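Pulled from TrEMBL, these are the features on record:
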- A:6-28: transmembrane segment (TRANSMEM)
- A:35-52: transmembrane segment (TRANSMEM)
- A:58-80: transmembrane segment (TRANSMEM)
- A:92-112: transmembrane segment (TRANSMEM)
- A:132-156: transmembrane segment (TRANSMEM)
- A:185-211: transmembrane segment (TRANSMEM)
- A:223-246: transmembrane segment (TRANSMEM)
- A:258-277: transmembrane segment (TRANSMEM)
Amino acid sequence: MSLFQLLNGLTFAALLFVVASGFTLIFGLLRIVNLAHGALYLFGGYIGYSVAVKTGSFVLGGIGAMAAIAAIGFVLDQGLLRFVRGNELRQVLLTLGVAFFLNDLALVIWGGDSFTVPIPEMLRGGTRVFGTFYPIYRLFVLGMGIFVFIGLWVLLNHTRLGALIRAGVDDAEMVEASGVNIRRVFLFTFLFGSALAGLGGLMGGAFLSLYPSADAEILTFSLAVVIIGGRGSLVGVGVGSLLVGLLNTLGQVMFPELAYFVIFGPMAVLLAFRPLGLFGRAT
Amino acid sequence: MTQPVSKTSVLAGMTSRALVIAALVVIVAACLPMVLSSYQVGLATEVLIFGVLAMSIDILAGFAGRTSLGHGAIFGVSTYVVVYATGQAGLSPWAGFALGVLAATAVASVFALLAVRTSGVYFPLLTLALGMIVWGVCLRWTQVTGGENGMRADVRPAALMSHSAFYWAVLAGAVVVSFAMWRFVRSPFGLTLRGIRDSESRMRSLGYNVPLHLFIGFTVSGIFAGIAGGLYAMFNNFVSPSTVALAQSVEGVLMMIAGGVGTLFGAFVGAAAIIVLENIVSSYTERWLMVLGITFVLIMIFAPEGIIGKLRAITSRKVR
């Protein structure tokens, strides 16, 4: 694998991290498997694209995507998921229904063409990395992935909110009993996790482009990341993203048509030895 | 058409009342082509095929407590193999059908090997991811699968060319397969699956090999999904990635839930409800997937026990 391909793998892993960390936050704390996460990614990408094209600002596109997806997340959590609380399977299937709805809605609004989010002037072109010419934008994605990782790390480990989230992962009832409004923490986590999907949509939309089945693809990768990394673990998502991102790139280089099989292998091996993932804990 | 039921009932130990009902249903179903238009006969054929798929999902969901979101992929693998074997490889439809079911069983056993390691919500998650991988391969492996355009082949045997003849063949197949599934879930093995559904740890401490039972249950369920997929290949003479897509698995699960989880034969009611809905919706708008999503959400919120269960609950409330 050349340096170019290695960087491709790393930047894809960074994108996966941003998307899957939102997924695993919600999964870890609320015990909700949000299968609409892929659709939120795609929707975020489309909204970010529209905003970025209208205003000519990539940053505004990002803010728009995150705000809009957080709003959709609010409706999803407060409007629909509240009716099926406590029943994991019904939650899974309900979010799946929402995923179909959103995917089809996106097809109505934006049509079946593929879009690429315009990259801001500053991040266009390429630069030399250890002698290899590489697009700056993809390095920016890599940087964003690292930034989100550090941000989440600080949030979870060094703030009061993070302490509440971690406590909620371990024992939500105890947190509530000690006088904390855990519902609000839950809601915040859901909105924040959704917003990360929206941000991922914009970031990915600029180099993977947006098309009607992109949501299913990113959802598959996110599921693989979470299955490999384990539920609710930040480090797990990081390691899982790196593994899936690098393996996927390796697969595309070696067997371009069967790349999907390459992420299937480690998932299989891992499940045989650690059914809860690398960093998952039984609850 | 009543022949298979009355002949096998001796083995089955069905109560005479259940036997009469089953015979009546099959007779009515067999008479349908005489009153329906050929388009409606096609729909009825589809109901039977997807009913079998939904039943195969129900074996796991209703009796082992494991809801698979990957059965559409197992179903679709069979469809792909049947179309490929008869179209590209030039085999006879029957050999193609056998190969298709075999391939589906193999895929199901691989799924099962991994899925039995998981429990709770990880099971649907993993089966979904595995199904997506199959979909991704079918989409990208263009030399073999024809990619997004899919493949066309005249799979249907010459004797079954007419709508009614094919319907009757599928009906016969569905009757045999339904009976086999019904026997399967009522067998001692099926009772063990139910025990696992109710308490995995209890069954384990009683000395049952839980993973092995789940593995066999999953693989058997895959055989039936594969049969449905093979029939679908003959029905459609065409296959494309949408046959293995997530929507296929989801539709199957929705039919199973609409008919009532654990009712087995309810799957046909669910399949009929969803397929009729799909056709009504499709005649007004192209937004079927949107309606499917909304239906899914509504059923999850208002009628998770299925249409039949809901009706039963409503009527019993009225009686009281």
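Placed from the backbone N, Cα and C atoms, the Cβ positions cover glycine too.
Automatic, uncurated: that is what TrEMBL annotation is.
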### Task
Could you check if the transmembrane segment (A:35-52) is in contact with the transmembrane segment (A:258-277), meaning 3+ Cβ pairs under 8 Å among residue pairs at least 6 apart in sequence?
no
### For the transmembrane segment (A:185-211), sequence-distant contacts whose Cβ falls under 8 Å of one of its Cβ atoms, 6 or more beyond its ends
11, 15, 18-19, 21-23, 25-26, 29-30, 32, 34, 37, 40-49, 52, 58, 61-62, 65-70, 72-74, 76-78, 110, 112-119, 135, 137-138, 141, 144, 148, 161, 164-165, 168, 172, 175, 218
#### Entry: Ranked first among A:58-80, A:132-156, A:223-246 for CB pairs under 8 angstroms with the transmembrane segment (A:6-28)
A:223-246
### Task
Give residue numbers and ranges for long-range contacts of the transmembrane segment (A:223-246): same chain, 6 or more residues beyond its ends, CB-CB under 8 A.
6, 9-17, 20-21, 23-25, 27-29, 145, 149, 152-153, 156, 169, 263, 266-267, 270-271, 274, 276-281
